[in-house]
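Worksheet: the structure to be examined is printed underneath.
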Amino acid sequence: MVSTKTQIAGFEFDNCLMNAAGVACMTIEELEEVKNSAAGTFVTKTATLDFRQGNPEPRYQDVPLGSINSMGLPNNGLDYYLDYLLDLQEKESNRTFFLSLVGMSPEETHTILKKVQESDFRGLTELNLSCPNVPGKPQIAYDFETTDRILAEVFAYFTKPLGIKLPPYFDIVHFDQAAAIFNKYPLKFVNCVNSIGNGLYIEDESVVIRPKNGFGGIGGEYIKPTALANVHAFYQRLNPQIQIIGTGGVLTGRDAFEHILCGASMVQVGTTLHKEGVSAFDRITNELKAIMVEKGYESLEDFRGKLRYID
């Protein structure tokens, strides 16, 4: 019997697919829809300490091979998501969910994480070090010195399972440098990758989104080769106890298969979920299982990380 079960940080999930933070996760109603779908779990919208309106609209546009967005971290604030998760873990104690977080400053990041640390939350926390769409706020994970300092400060008090969402890296030296930092800390996972920052999409003679004069994060099929490269580069470099969530360009079961082949333990769906709705989880899962049957694989462990090279 073919199984797409997986585990992260010792938590088991019935399916390796889930939503990506930012899609179908703003409201409790959306999270419930993902929870009740074929997805193995969900991650919340990336929460700041307080409610954020985000950037002015239009700020998201589906385009032929993906999407462009400059959402600006709209969310309902930490308490909205944390309270929901605390309630949910009592009702569905057999399941584990992800809480995505970011501070608008290092101080706010620590305030948020300390609140989670002091709460009864028993799930997985994802710290977003890679949002490209907040004007005036750089992507932290491109600054290795700052990343190292923040992680050192966080792990001085945070003892719950924690992972980080990363921007795409493009240089082999940067993979080496980033992995050397991450390997110093008890991270449970890294999520590769957030959207490729500051792309530009034009229709006729105009940009298609309002913020930043049309510059926005690129997602979807455009970014799959970059996402796969990041997944595999970190799979090769990170300590085995730091698992990888693959995100970027997952339209089909084949795309999910490739993420796992590159080393991903879980696969997130973003642009496709926005375009297709939660039925995408059923379709992609069935396509992935069909590939596994064809190849004689019974579990993800049979092929995870076993990408072949040409001699």
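Yeah, the Cβs are placed from backbone N, Cα and C, and that goes for glycine too.
According to Swiss-Prot, the substrate binding site annotation covers LYS45, ASN69, SER70, MET71, GLY72, LEU73, ASN128, ASN194, SER195. Here LYS45 (substrate binding site) comes close to ALA21, GLY22, CYS25, MET26, PRO74, ASN75, ASN76, TYR81, SER100: these same-chain residues lie at least six apart in sequence, with C-beta atoms under 8 angstroms from its C-beta. Under the DSSP three-state reduction, LYS45 (substrate binding site) is assigned to coil, being neither helix nor strand.
For LYS45, THR46, ASN128, LYS165, VAL193, GLY220, GLY248, GLY249, GLY270, THR271, the entry in Swiss-Prot reads FMN binding site, with the evidence type similarity to another entry. Cβ neighbour count for GLY270 (FMN binding site): 25 (other Cβ atoms within 10 Å of its Cβ, all protein chains included).
According to Swiss-Prot, the active site, nucleophile annotation covers CYS131. The Cβ of CYS131 (active site, nucleophile) lies under 8 Å from the Cβ of THR46, LEU73, VAL102, LYS137, GLN139, ASN194, each on the same chain and at least six residues away in sequence.
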- Taking the Cα atoms as reference points, how far is ASN128 (substrate binding site) from VAL193 (FMN binding site) in Å? 11
- Query: By a simple count of other Cβ atoms within 10 Å, which of ASN128, SER195, the binding-site residues in the record, is least packed?
  - Reply: ASN128
- binding-site residues considered: GLY72, GLY248; fewest surrounding Cβ atoms within 10 Å belongs to GLY72
